[in-house]
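Report on the following structure.
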Amino acid sequence: MRIGLKRRVPKEREDVASFSKGKCGSGSVSCGRTVPASSVWASHRAEPRATAPSVTDLVAFPPPAFPEPADELNEPQARAVAHAEGPLVVFAGAGSGKTRVITYRIANLLAVHRVPPYRVLAVTFTNKAAGEMRRRIASLAGDEIAKELWIGTFHATCARLLRRFHDAAGLERNFVIYDDSDQRAVVARVLKELSLDDKRYPPRQVLSRIHKEKQEGRGPDAFEPQGFFDDAILKVYEGYERYLRKANAVDFDDLILSVLRIAEDPKSLAGDDLRARFRYVLVDEFQDVNQVQYRLVRALAASRNLCVVGDDDQSIYRWRGADVRIVRNFRRDFPDAAIVKLEQNYRSTGNVVRAALGVIKPAKDREPKELWTARDPGEPVVVVAAQNEHDEAAWVAERVREAQARGVPLGEVAIFYRVHAQSRVLEEVLRAERIPYQIVGGMRFFERAEVKDGLSYLRILDNPKSDVDLERIINVPARKIGGATLDRLTQVANALNVPLYEAILPLTDRGGLGTAAKKSLLAFRDLIEGLREKAASAPPSDLAREVLERTGYARMLDEDDSAESDARKQNLQELVGSILDYEAEAAAAGQVGTLSGYLERVTLSSDIDALEDAPRVSMMTVHAAKGLEFDTVFITGMEDELFPFKGPDPKRNEDIEEERRLAYVAVTRARERLFVTHTARRMIFGNTRFGVPSRFITDFPVASVKPLMTAAASSERSFRDGYRDGHRDEPARPRGPWSHPMDRGSDAPARSFSTRSPSTPARAPGERYIEREPGEASSEGGLARGARVMHEKFGVGAIIDVDPGDDPIATVKFSGWGVKRIKARFLRTE
C-alpha cells in the first residue's frame, strides 16, 4: 500500500509525526516503507503555506511547475523532505540517499512552501557535491531557479557573502584570497622582519599553528602563549594579520571568520542583514564541521529553520578540525529538533552492508543506527592473507584483471590504502602489468615533491652535469643560495659552456659574490663531493640514508611537526624502501645493485602510460575515498598499526574510534565486490614489520566473509607457525576463522593446511588451534583466559572466564554479540 502525506497547516510537524505511526511507530523514523515522491508534492500543492512570502518574492519567483519525480522515497526520506519549520537533524547512513533527500527537500520548499530560491542556503564541503546538488535541483526546477539558490562550499559561500559585506569586515571589494604558498611566503617575510630563524620556526609549522587558532575562532588577541615558542608564534601571528590587512588579503580561514564576526555582531547593520537573509539553511556532511563553521550556520539560521544532514559514523577529519561531538550534541542546542534516521542502504550488497555494520557497531558514543539493505547478499567479502606487500600487490593486480574480464570497467575499480607510502609497490606492479591507474587526491609516488627532491640529490651524485636536478636541490633545505646567486651561477656556466655544478669554483674564484653567498656555494660543493665519495663504495640504500641526513633534509622535516611533514617523512622512508627492493632483486639475479641501475629503473617505470584517455583504476587513501563509490573495492594493508594506524610519535597516535569510522567509510564505498588484504610482513617507511591482521577484520560477521590465502602465503613458515600474542618480533598469522590458502589466480581455496602432529585430531574446515607456549596456563576443557575461540553461530570470541566442572562453561566475549556463557564443548580453539 502506498501512503501519501496529508498536511494540515500550520501543524506540519504534527502531521508528519502521524504519518510515521503504524509499523514505524512515533518518534524518529527508520522503517523502509516506500512513498511515491510525487505524493509529497501532490498532497501539498493546493494548500496554503505555513509562512507567507512577500508580494515582491511572489512576483520575482512564481512557484515552478515541477515534473512529477519518478524516484520514490521511503518513509524516513519523505519525512525529512516534508519537514518545513524548525530545526531538523537527519542521520544519514552510508548509501542511504541523502543527496536525494536534500535536493527533494529544497524542491519541496520551492514548490510547496513557495520559498524564493535566494532565501535558501545549502552548504557542503566539496565543489563536486555542491555541483551535483545544483544539477539535480536544475533538473527539477530549471536552470534559472537553480542559479538563484545559494549552494556552495563553506569557503565559496563565505567568499560570496564577504564580497557583499566587505565594508563591515574592513576590506575593499577587490580583496584577494591567499592560497597555501602565498600564506607561507607571508609567514617567511614576517619571520625575517622579526629576526626569527626560519629553521627554528619553520614557516609550515608556524602557519599550521595559526590555522589551528583560527579554526577554533581565536585571533591574536585571544591567543594564550604556553611558553617561549608560543611567544614567538604570537608575534608572527600578529605580524601575519597586519600583513594581510595591509595587502587587502584574506586566507581561507578568514573567509569564514570574517563572515562569522559580522553575523554574530548584534550592533552591526550588516549583521542584521546576514541573519535575516536566509529563511532556510541546510548543511550537508554535518559530521565534518568544526566549531567555527557550526557557529556560522547557527548565526545564519536565525529563523531556526536549520536542517543538518550527516552521519557521525563517517566523521574522519578530526585532524582537520572536525568535531564529531557537534552532530551528536545537536539536540542539546536545539531540544525541539525533529530527528530522522536514514538507515536503508541502496548502494551495497547485503554482505558488504553486514561487514560495515560489524565494523562500526563496537564504536563508542555513536548515534544508534542499524544500516540494512533490501539488496541480495551478493558475493561474500573476500579477506586475503598475503606473504608481503609484493605478494599482496600481485594478487590485487590479478583480481583487477579478472574483474576487467567479467566486464567491470577499470573506472569502476578502486584500490584503497591507509597512507600514501603504501601506493609505491602497488603502482610498480600495476605498471608492470600495464594496468592504467590514477592517483585520486594525491600524486603518483615518484611525482611527490619530497621524493623528487631525494631523486634529484641521487642523480646529482650519479651525474653532476644535470642542471635540472641541481637547480631543484641547491637551496633545499635552505642554504642562503638565493635567486640572484643562482642567476650569477647560470651566467658563468653559459659563458664557460659548462654545467652549473662545474661553474661553482670559477664563480667563487672570480669574486663579485657576497661572503655569505660564496661560503654557501662552496659548502654545497663540499657536501656533494663528500657524498660522491660515499657513492663510490656504499650500496644505494645506504647512500640514500646518508643523503637525507647530511643534506639536512631529514632534520628539516623533523623540525616541522605538521601532519604534512609526517607524510613527507614516510614517503622518503618509502623511497629508501624502493631502493632496498631494487637491491634485493638485483642480488636474486646474481647482480650488484648500483645507483645508476636504480635511477634508470625509476626513470623507465615512471613513464606515463600512452593510453591517456583509457579508463583507469582509481588508487587513493581512504580519506580521499569519502563520498565516492565503486563496483569493486580493494582495501589493502589491513594490519594493526597500519590500519588502524599507529604513528611514530605516541602522542599523535590516531584515535581508535576515528580509525574505526575510517574503516567503515572504506567498506561502504563498495557496491558489488569487496576485497580486504593483509600481509605477514611488510616493508614500509624503510623498515620491515611483521603484521597482525587488523582488529577490524575480526569484526566482520563470519557468514559474510570468504577467507583466502595466496599461494606464497600458504607456504610461508610464518603463517604455519602462527603469531603468539605479545611477541611482536615474531611472524604473524591471521586472526579470525580464516585460514584457507588459495592459489594465485584462483578464487577458490586450494587446500587447507595445519602444523598439527600426526596424533592431533583432524580439524574441521576453517578450524585452527591456538599455539601455546610451554607451561602456559590453561583451564578446564583445555581453554585459557584470553584464548581466542570459535563458535558456530557467534563466530570469533575471547574467553573471559571458565567455570570448572564435568561440563565446563566458558564466559566468552564475541564481536558483535557481546558476552555469552557457553558450554566449552561447543567451542573450538582457533
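Quick reminder: no glycine exception, Cβ is built from N, Cα and C everywhere.
Nobody curates TrEMBL annotations by hand; they come from automatic prediction.
Annotated compositional bias 'Basic residues' per TrEMBL: 1-10, in sequence order.
Residues annotated as region 'Disordered' in TrEMBL: 1-27 (among others).
Taken from TrEMBL, the feature domain 'UvrD-like helicase ATP-binding' covers 71-349.
Feature annotation from TrEMBL assigns ATP binding site to Ala92, Gly93, Ala94, Gly95, Ser96, Gly97, Lys98, Thr99. Within the same chain, the residues at least 6 positions away from Gly97 (ATP binding site) whose Cβ sits under 8 Å from its Cβ are Gln77, Leu342, Gln344, Tyr346, listed in sequence order.
Under the heading domain 'UvrD-like helicase C-terminal', TrEMBL lists 350-627. Looking only at the domain 'UvrD-like helicase C-terminal' (350-627), the predicted model's pLDDT averages out at 88.
As annotated by TrEMBL, region 'Disordered' applies to 715-782 (among others).
Sequence annotations record features per position, and here TrEMBL assigns compositional bias 'Basic and acidic residues' to 717-733 (among others).
Marked as compositional bias 'Basic and acidic residues' by TrEMBL: 765-775 (among others).
Here the binding-site residues are Gly93, Gly95, and the one whose Cβ sees the fewest other Cβ atoms within 10 Å is Gly95. Excluding Ala92, Gly93, Ala94, Gly95, Ser96, Gly97, Lys98, Thr99 themselves, the residues of that chain whose CB lies within 8 A of the CB mean position for the ATP site are, in sequence, Val101, Asp311, Leu342, Asn345, Tyr346, Arg347.
Neighbour density at the Cβ, taken as the number of other Cβ atoms within 10 Å, is lowest among the binding-site residues Ala92, Ala94 for Ala94. Of all the binding-site residues listed here (Ser96, Thr99), it is Thr99 whose C-beta has the fewest other C-beta atoms within 10 angstroms. Summarising the environment of Lys98 (ATP binding site), the number of other Cβ atoms within 10 Å of its Cβ, over all protein chains shown, is 21.
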